[in-house]
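To start, the structure itself, in structure tokens.
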Amino acid sequence: MKVLSLAVACLIASFLLIQCNGQDVVGCGGFVESPIPIKFEQVEIKLYTKQGAFKSKTECAPKNGYFLVAIYDKGEYVLKISPPEGWGFKPQEIELNIDGNDPCSKGEDLNFKFSGFTVSGNVLSLGKETGPSGVNVHLKNSEGKVISETTTSDSGSYTFPDIMPGNYISEASHPTWTLTNNRIQLNVLEDNVKIESILVSGYDVKGHVLSSGEPIQDVVFILFSNEKKSVKNCQEVPKEYLAANKIDQNEIPLCSVKSQADGSFVFPSVPSGSYNLVPFYTAQNIVFDIVPGKLAFSVNLKSVMMKTPFQVYGFSVKGKVIDTIKSGIGGVEIVVTNDAGESRTALTSDNGEYMLENITTGHYTFKLSKENYIFEESKTHISPNVPTLKDIVANEYKICGSIVIKQMPPGVRQLSQLKVLLQPVDQKDGKPKSTAVTKNGHFCFQSTPGKFRVEIPIIESEAKAGLRLRPTHVDVHLVNKPLTDIKFEQFLATVFGDIHCIKECSDVSVYLMPSESSSALKLPGTVEGAGSKLSFSIPDVLPGKYKLIPKRKNWCWEDQQQTIEINDQDIRNVQLKHSGYHLKCSISHNISLNFALEGEKEQLGSFELKKGNNQFCLKTPGTYVLKPVSCYRFEHDEYIYKTEEPQTLSLKVAFYKTDYTIRTTKNVTDLALQIKSQSSGQIETKTPVYQGAEERFSVYKIQTWGKLSEELELTPQSKEVLFTPPSLVTTISESCPGATADFEGHEGIFIQGDITPPFADVSVTIKILQGTGDEKQVERTIEVMTDAKGAYRVGPMHGGTQYEVSAVKDGYHITPVANKKGSFIAQKLGHISVLVLDERGKGMENVLLSLSGRQYRNNNLTNKDGTFLFSNLGPGEYFLRPMQKEYSFEASSQTISVTEGQDIVINIKGKRVAFSCSGSVTSLAGVPEEKIAIEAVGLHKCSEYHESTISDANGDFRIRGLQPGCSYNVRLMRNEANEGVERLAPDNHVIQVQQEDVTGVHFLAFMKPTKFVLTAHLDTEDKLLSTIKVLLYEEDDLDSPVHSISPGVVKFIQFPALKPKTYIIKVQSTLSGRSHDIVTSSATIKPDADLGKKHVNLKFEAKEKNVDLEPTQSVITLPLAVALLFLAYNYDSVITFLTKVNIFLQTLSGNKQEGVDGVEETPEDYFQPAHTGGRLTKRKKR
């Protein structure tokens, strides 16, 4: 664990160093993982751009598969694993976006996991070098379990990727082809496996034969070839064919097959090659002609299916009708009809046989009839293949009976409305049948043979009404003849019983009530006899469920009521027993109530009572003493009750019992429990009573009494043990007991340990844990240092405390001692000092050094003098690899063995193998342009090379890794980063890279515009310029102008650069509308897509009004009042007149404004200046 923690810490530190010391270097590292030993050094990790251009590659550490790739520029990349062919890894590639928030920048591992080797093979066709597709191949492990399956490709090859080492079996199969050597054992060790070839020795050849569109059976098909071949699973060529036909000497008859009932035939296993197929058919000594007489075909890597069927070109039949035991049925009339509508008839003989004459090949419909027998209509195909027809079996017979009801109960259906059910009893999936009853009570079924139960279902309402039939059902066995004379009859019953009393019976009655009906109908019984035992009877009871109830005031019975169910028999020997006298109680809590007769010491019994009202029975009359027993204390300790004076007793709780338990791991003498009332503050200390030992605990208990809802704080006390919990607050509730608490006391323990060899100042961290399993959390942390003897001690603590102990000291590897928790072994760590020099012997700065071991990895950059020190290294082997773009190193990688406390010096020499192109990007004004992506694309023989970079805050860029002897086209990179760049000038630079860097490559960047310019011209008199102001508003905010410009003495206005939005421009004047006639204009400006310059012309006119002297108030008052009165009475006419005048004046004025591109002119009265604060007022258009 310590080694892993140290490795992780070093890894994090390494990434921080890379990013601090070399701002443009990011290390992407991780592991090639494998559950089995593999040669990690044969696996390479390659870095590509997102567009697929190769950037760099690295090898894996031979011991642990660790790798590290240096990335010098931000951007999107793809990290791919390149193992030997056939080796499987997951994933095969990882996409990266180096932006500071990526896994590489965060120091996270990028891992590839080995998934197995490749097992491959071929399925070949016998005698050929290729094989068919579609063969199923399974790979099984040594236990026979299928772990992978595939099918062959078009050439017959197959592969199983990702197979781990082990013993396997390869099995090939195909549903119709014959395979040879299809089961092969193999052993996967440390590389891919090639399996020996599997052979297909034969393919299936299928066809079919017809006669007048119908299949023909037993047609022989003979297979011929010009060479001898082994064809399996077919018969010899018939001798009658060889005798009747002359065979070509160039053809060899191989074997033959016959067609089946459906006309199909198949040769199951025919090797690849060319063949002829010849049909041969004879029936009843007649040889039929078949077309075609010979068919040539080839078998080549697949099954053969003859698309065109063979055709056979150009009779009395007999049959039998039988019953279910195969006896013939005589007198059955048979009518057969073919598809053309032609009919023929026949009548069966006593043994059921019949004959049909003059039949041609075709389909026929058979219809059979005989009284009490049921036959299904069927279709049968008749051809020369079938001289004897299949037996026809009678499939159903009739079952009949009757129902006799002397008196129908009220509310029951009429006899004709009843249904009779026929239920199969020997058929698992048999479905019941039902039929109606005639008015005279008869019924009939028709059914297939079998065992049945005939019953008449009675619905629930009829059963409650008392309808029962006897028997309830009739079991019949239908074999091969109809069944009749089944009979059902109605049933009524009588209930008989006895009544037993404690003393003499008097005033006792008994009656029946329907138990499943809301009816209040009572059927009283007749009670006879005297003394303590009586008998009763209730006659003429319809079947059903009843409640039998004995009745006597203040008496209780063993059964307050009995359920009587009458089916098809009388009910006898019913016993009713008087058991005692009622006592009723009302209590506030569940209790046990002991009772005894007054004056007697012996307790008679006890009742368990529930909260609320209770009723129970006292077996003996008299006066009783009642004592409650429970976790509660009541208002009285005992109560009196007399059976002669029955009343309801009320019992209420006054105090509640509490139980507290303390368990300790040892006997203690100073144990006490402090009880503090939260309401009164009163403190009481109780001494627990020792109860004995339970397992490894000593048990102590305390019992107290308290009031409902009282809160108590409980604190166990002892100098010898620690308690869990230390204290708790409990509230007394209505439960029994009202409050409980459990405490556990454990002897205090100490956490202690030591360091070997012993030395002081080792930092020991103790984490106190809480929780279970994976959900453990740290409750608190204790840190302590070892003394001069290397020892430490912390405590006391609870014995059940869960904790973790760790120890650290710089320069040492500290590991825990097995089976001795808290003790550690310290091991002094070693160092590796690395010096990297260039070809001139000068130290190389910012060389990325990757050091990895079994559980260790560290990536760092060399200092300015080319040195770096790897410290705190445990004993073992380490893999060192230097990396810097444009350089190769001697040695490129090496394995270093470090012993305990050893210091090792490693010298590495770097050689320059690639070069850079540097330059700058500025604007036309010389301002540096940041984050411009520049790429260098190889030309001619170097077209496979591609490098890119991004300009920094000073506009500078450096493209690394350019190969000497190559020409490159340096230009703007078209991607998302350059969306705001319109172009560069010049478009590109073509450079030639030799044995030095290329510098001074400069570009001017022209950015796409983000704002547009708006100008305006004022068409007005010079003297009015000082009175006006030009306002510019955003279209969605007409309350606050974006810009407000006073023209001064010029008529041309230019606004500051504007964002691409829609604006409204307007002229506002300080002149009053009372003294001047004002004409003004406004316009809407929409920017173009290219954000080009916009210009608008604005008009403003102001003419002074002619103002007459105002008459005196006495002269104008009367005419004004008359005018206002006139306007009020003629409001509608005046409004119409003024509207017409306004339209007429606007027509005469003809004031039209000139428009510009992208500008919408607004009517002059749409906006009118408000002379209070310059606010625009929107007026309604007329």
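Each Cβ is built from the backbone N, Cα and C atoms, and glycine gets one as well.
Copied from TrEMBL, the annotated features are:
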type	residues	note
SIGNAL	1-22	signal peptide
DOMAIN	29-112	domain 'NOMO-like N-terminal beta-sandwich'
DOMAIN	114-200	domain 'NOMO second beta-sandwich'
DOMAIN	205-301	domain 'NOMO third transthyretin-like'
DOMAIN	314-383	domain 'NOMO second beta-sandwich'
DOMAIN	398-488	domain 'NOMO fifth transthyretin-like'
DOMAIN	583-652	domain 'NOMO seventh transthyretin-like'
DOMAIN	748-826	domain 'NOMO-like ninth beta-sandwich'
DOMAIN	839-902	domain 'NOMO second beta-sandwich'
DOMAIN	1010-1102	domain 'NOMO C-terminal transthyretin-like'
REGION	1154-1182	region 'Disordered'
Residue distribution over DSSP helix, strand and coil in the domain 'NOMO fifth transthyretin-like' (398-488):
9 helix, 43 strand, 39 coil
Pull the DSSP breakdown for the domain 'NOMO-like ninth beta-sandwich' (748-826) and write it out as helix, strand, coil residue counts.
3 helix, 47 strand, 29 coil
Do the domain 'NOMO-like N-terminal beta-sandwich' (29-112) and the domain 'NOMO fifth transthyretin-like' (398-488) share at least 3 Cβ pairs under 8 Å, sequence separation 6 or more?
no
Just give the helix, strand and coil counts over the domain 'NOMO second beta-sandwich' (839-902), going by DSSP.
0 helix, 35 strand, 29 coil
